[in-house]
Every structure is written in structure tokens, then in C-alpha cells.
Amino acid sequence: MLKREMNIADYDAELWQAMEQEKVRQEEHIELIASENYTSPRVMQAQGSQLTNKYAEGYPGKRYYGGCEYVDIVEQLAIDRAKELFGADYANVQPHSGSQANFTVYTALLEPGDTVLGMNLAHGGHLTHGSPVNFSGKLYNIVPYGIDATGHIDYADLEKQAKEHKPKMIIGGFSAYSGVVDWAKMREIADSIGAYLFVDMAHVAGLVAAGVYPNPVPHAHVVTTTTHKTLAGPRGGLILAKGGSEELYKKLNSAVFPGGQGGPLMHVIAGKAVALKEAMEPEFKTYQQQVAKNAKAMVEVFLERGYKVVSGGTDNHLFLVDLVDKNLTGKEADAALGRANITVNKNSVPNDPKSPFVTSGIRVGTPAITRRGFKEAEAKELAGWMCDVLDSINDEAVIERIKGKVLDICARYPVYA
């Protein structure tokens, strides 16, 4: 018999200490990694539920195990909410991650060796969009497209590459691009050569759900996303589509299970269902609008302080600061800001002279600080502190002074009150 009062603290002090230290770190550090966010206690309640015990290979109503009548309800709720939120007529909530959702699309629609057009990682793409170290770059013939001198997607070059290489699939989406993608233009290019348009909206799904960023679902053959990041749910993946054939949807389902995964994580799917319901609330739209406002406010300060921002601004939740002219590396900036309790990630910038392990830039995102309650005034103040650190990157007194300010504002704006 398992006693409900069993706990980690009494049983595994070493593990519990690390967990508690991470809790403190999250409360005492300002989180600016664009792919990170704080999920609600309701989502964590779902993830810590007894649903974790249940195997449920298959799909609602078509399981390979018995005893699935209640997890069927859970998964169907998540499916229905995903379809409603994004205006889709197909949803698969089983992918364990965004990368596995992307793997599903590749295996459902392509054969190894097929040609794919994907955004260059150095220009803002993602590992799964064709990086040579990833399955996508190893199994498929990847042709990269990128951004122009203004920092925006070069659609003319994309169209030229498409007509020249005749890819079977074009990938839209990004991990470090601060502009608005013209999904209709991408579909037009895909249709002109008979290619699939696959959109990975992992970074902007929350903005899309709130109507703050254009929805790719009506334009793409298939859309994937993570359920964390701007969507603020549990770590996981999601596949969506609209107007496709039953044959396409069967291919996608089969590529998830049994093609790429076994049993779904029902406790995580419950967390997805909660997050999707939360994303339908009016306050979620207000939150996403503030995410975008805060990003613009921070960019304004960086530009005023003489820092170069890729594309000159942002139209979503993130932006890239190019440090080449400052003779700083992303690695140095990341470390110095970290000592001030400000967490960012080093990031390559277009035409970066440094390696991906060093880089010449940092990526800044506002979902997490906005979740704490920051508005434009706090975002601008924070950007100023970051510039202070970067201007005096070797001055530990400056870094310590900013750390004190960070601790103070974190205490005033706790993650979990």
C-alpha cells in the first residue's frame, strides 16, 4: 500500500535540495530565455496526478489497453480545445515534445533523401529545420533559406530556391526571428511547386492563440507547436491541421503512434488540456498583448543605448542583440548577465563570425517576465540594467549592484505568490 504522506524531502534529501534550489533560482532570477515560461499550479497539479500511472497506447476509443475510459475523456478534451483555440479540424496532442512533433511530420510526409527548404539556423531557424547535427539534416536533403539585409525573411530568395530545387516540403517557423511571417506568401510559393507547407509555430503559439500574431493553421498543410513557451503549458508537443484529407490525418496519427512513440503521457496531456483552457480566457489575451509590448519596450532601450538589434526591432516576443560592434561575445554576455541574476541565452546572429558555442549575440524573450507582472516600465528598467552590465562587463561592482536591483524586483514580482 502506498501512503499519501510519502514525500521526497524525507526520503531523498539530496534530490529535494536540488529541487528546492531550483525553486529559489526561478524566484530570484529574471528569466529572459525566449523559450522558457512559468506554467500554472493547475498544470503542475495535472502533471503530478495519478494519470501518470496509465498506459494508453492508441487514440480515444481505439486503445490497445483496457481501463482507458477516463483517460479517453482527458485526451478528447485536449484535442477539442486545441482545435477550438487554433481553428483547426485536426489535432494530435500526444507528441512528447516539439521536436518529436516535427519528426512526425517528416516521417508522415516524406521519404529519406527528399528535398526540404528550411530556415538557416544561423538566421533564426531551428535544429529540426535541417541542421546537419539533427535527424532532419542527416536524413533529408536540406536547402536553407534566410533573411535579407534588413533582417527579414527574403521571400524572393525563398521562391528562387524553391523553383530551383523543387523541395517536397517547405518549413516555416523559427526559434530566433523577431518578425512576422507571411504565411500566405509561403503557401503561395509551396503551391507553385506542389510542395507541402509545414509550419513550426512553437515560439509564437501563445501569441497566435490570443490573436496577437497571424495564425498559420489556415495556410499550412500541417502545423506543429510546443505547449510550453508562449503557450505557458507543460513541456510537450502538438500537431494541428485544417482542410486536409482523412488520409493525411491518418498518416500523421500513424507517424506519432506507432511510428515514433508508444504510450502517450496522459498526465502531460491533462496538463495540455488545462493550459489550452487557460489560453481561452480573456486574461490570456491581455497577457500576450503585454508580452509583445514588453519586447518592444526593451528593444527601444537597447537601441537608445547604442546596441544593434537584428532587424531593428521586434514584432513578437523576442529579439536578438548583435554584439559584434561592441566587441563582445554572446558567451561573455550570457555569463556576465547570469552573475547579475539575469538569465538569457547566447545566440548566433546573421553572418556570425563566432562558433555556435561562443556566438556574437544574445536572444532575449519576454514571456516569463510578463508572467511575473512586468509591464513596459519594468521592462525598460530591466533593459537598462542589462546595458549597464554589458557596458561594464568586467566590473564586478556594477554586476553586484544590478544583482541587488534584480533581487529587489523579483521580491516585488514573485512568480508564485
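Note: Cβ is positioned from N, Cα and C throughout, glycine not excepted.
Record features, source Swiss-Prot:
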| type | residues | note |
| --- | --- | --- |
| BINDING | Leu121, Gly125, His126, Leu127, Ser355, Pro356, Phe357 | (6S)-5,6,7,8-tetrahydrofolate binding site |
| MOD_RES | Lys54 | N6-acetyllysine |
| MOD_RES | Lys229 | N6-(pyridoxal phosphate)lysine |
| MOD_RES | Lys250 | N6-acetyllysine |
| MOD_RES | Lys285 | N6-acetyllysine |
| MOD_RES | Lys354 | N6-acetyllysine |
| MOD_RES | Lys375 | N6-acetyllysine |
| SITE | His228 | site 'Plays an important role in substrate specificity' |
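Feature annotations (Swiss-Prot) mapped to structure.
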residue : record                                     : Cβ contacts under 8 Å, 6 or more apart
Lys54   : N6-acetyllysine                            : Gly67, Cys68, Val71, Met266
Leu121  : (6S)-5,6,7,8-tetrahydrofolate binding site : Leu127, His129, Gly130, Ser131, Pro144, Ser348
His126  : (6S)-5,6,7,8-tetrahydrofolate binding site : Met119, Gly173, Phe174, Ser175, Asp200, Ala202
Lys229  : N6-(pyridoxal phosphate)lysine             : Ala34, Ser35, Glu36, Asn37, Ala202, His203, Ala205, Gly206, Pro367
Lys285  : N6-acetyllysine                            : Ala210, Gly211, Val212
Lys354  : N6-acetyllysine                            : Thr329, Gly330, Ser348, Ser360
Ser355  : (6S)-5,6,7,8-tetrahydrofolate binding site : none
Pro356  : (6S)-5,6,7,8-tetrahydrofolate binding site : Ser348
Lys375  : N6-acetyllysine                            : Gln290, Lys293, Asn294
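The recorded positions shown are Gly125, Lys250, Phe357; of these, the one with its CA atom nearest the CA of His228 (site 'Plays an important role in substrate specificity') is Gly125. DSSP assigns Ser355 ((6S)-5,6,7,8-tetrahydrofolate binding site) to coil in the three-state reduction, outside any helix or strand. Distance from the CA of Gly125 ((6S)-5,6,7,8-tetrahydrofolate binding site) to the CA of Lys250 (N6-acetyllysine) is 28 Å. Lys285 (N6-acetyllysine) falls within a helix when secondary structure is assigned with DSSP.
Residues Leu121, Gly125, His126, Leu127, Ser355, Pro356, Phe357 are listed as the (6S)-5,6,7,8-tetrahydrofolate binders, and the farthest two of them sit 16 Å apart at their Cα atoms. In sequence order, Lys331 are the residues near Phe357 ((6S)-5,6,7,8-tetrahydrofolate binding site), counting only same-chain partners six or more apart with C-beta under 8 A.
In the structure shown, the C-beta of His228 has more C-beta neighbours within 10 angstroms than that of any other entry among the recorded positions His228, Lys250. Mapped onto three states, the DSSP output places His228 (site 'Plays an important role in substrate specificity') in coil. Of all Cβ atoms in the shown protein chains, 16 besides its own fall within 10 Å of the Cβ of Leu127 ((6S)-5,6,7,8-tetrahydrofolate binding site). Reduced to three states, the DSSP call for Gly125 ((6S)-5,6,7,8-tetrahydrofolate binding site) is coil.
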